[in-house]
């Protein structure tokens, strides 16, 4: 005799134990089902018939006994092989229909084929054909809530047939239907049986059971009667045989669909779920959007500030060295740089220009207006050393320096604050301290060189005039030195160091720095500031990630039955994992892109408000990548939880 498709031997199923009472639902069920049979399993509520169906459909495992499918011991099959059986061999028709609420009739029917890796065009054509065959051609786009009970059950039957449905497991298929719809469903099952499908009908209604060719009655977990025929049904040869199913199982369980197609399907399904729950999705996205926007804007502001400061510092020249006496210590007095040192340094071949500087903030008055500004005594090399010319009038001359003339060149901010708008500044007088100085020139605008120091708020006077008329001494505060070659700043620094050690009897009582080093130090400071801003903003992205995890955990709880339905139609654990992980990633991707768009809008607004902003592509890409990684990290736990759900418990959850 041919190998039976299904063979149960002394199957037992018990629940509870350890801390709860042990209840044995099935107590030694033995039966065989051959190709082409239409079997009705009938029994009262609580007799164990639904538990038996779950075991037959590989949704549950027995506590004891042997279950062989097409000659293979089901206990030896792994989770992927069991999923293959649910997907390719079995087709489930449930009393409660068990359709995905967010999917259309077409999408519900296509589901088993998606998990089988069937190309989109092929499965869409087959799903449409099945729905048309069952009288639902005009309802393919309708969601379950838009269908009657009978229509939903026909969608469920079409889904069961999608991958062939060689064995239809129908659990009380007419239980929730009116008599007319119930009769239509039974007529469909009769038709399928005549075509060679194995039909296993679970029911408590003996009238419904009488439609089957074979009736098995169970009571209290035991088979009490079985009207098995001696000969197989006449149409048994039309159905698939055990040997063919076994060969297909051996081949198919190790085959996987194209990962690109599977990923695309998961992302499309994720988008549908997000769109259906738009309001909740928007609330969830807020955390990611704010996080990404904060990171991008903070880094852009930091980068803009850095570039602005670097440009302003570089505007003074990168070949400048600064020399001043070392500060006093407990053992040594403060170092002192004299004008003789200045003259000696000026003789070095590496030095292009040298300038002693005397300066401090002083009260400046003009008419009734008085304010404090930095007043510096410099020589005529000031414009060349600092690349800072006079744009109106002229800079003071060597003659002015030699005669200690009371003339001044003022910055743009001094002009703005002290002189009347529209007036000619050249020739006007400013009272610096108690000494009147005539304005002979206006410096070009420079802005802030670093921090909050505004270079345009300064007044430049001849060094000799500052020493005699304002400060009463000729010892410079520091020396500004322009190297002849900007590529030889280090060599120039070394030459000055050697010269001063010789002049100061070997003492290193001076400090020598260069603008290039200052610019590098400022760059490091600005980078640290940018990193700090980015780290602060990243915290909001982390909070957004936690929000994604929370919503995904809630989604898993809400969609537990959907997960069970997907497993019943052949989804493997990795399919469920990919599905929910795709939703988390989709959330993060949409949130990331929206956050970047928001950041660009905010950046444009800041630019209009004269705040320096510089968007960097690596920062934008990095923020987006972090958002996606956040989705993966925080979405993995909920997705893993969903993938590990028990199919039976998931199906029966509320």
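Every residue gets a Cβ built from N, Cα and C, even glycine.
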Completion exercise
Which range is transmembrane segment per Swiss-Prot? Of 529-549, 550-570, it is 529-549
Completion exercise
Here Swiss-Prot annotates transmembrane segment, and of 240-260, 261-281, 282-302, 303-323 the range meant is 282-302
Exercise for the section: Using a Cβ distance cut-off of under 8 Å, indicate which of 282-302, 529-549, 584-604 has the most pairs with the transmembrane segment (614-634). Expected result: 584-604
Practice task
For residue 44 (ATP binding site), just count the other CB atoms lying within 10 A of its CB, please.
Solution key: 12
Exercise for the section: Within the same chain, and leaving aside 43, 44, 45, 46, 47, 48, 49, 50, name every residue whose CB is within 8 angstroms of the centroid of the CB atoms belonging to the recorded ATP site, in sequence order. Expected result: 204, 218, 219
Completion exercise
Neighbour count check, CB within 10 A, over binding-site residues 43, 46; minimum at 46
Problem - Coarse DSSP state, helix versus strand versus coil, of residue 45 (ATP binding site) - result: coil
Practice task
Quick one: give me the count of other CB atoms within 10 A of the CB of residue 47 (ATP binding site).
Solution key: 21
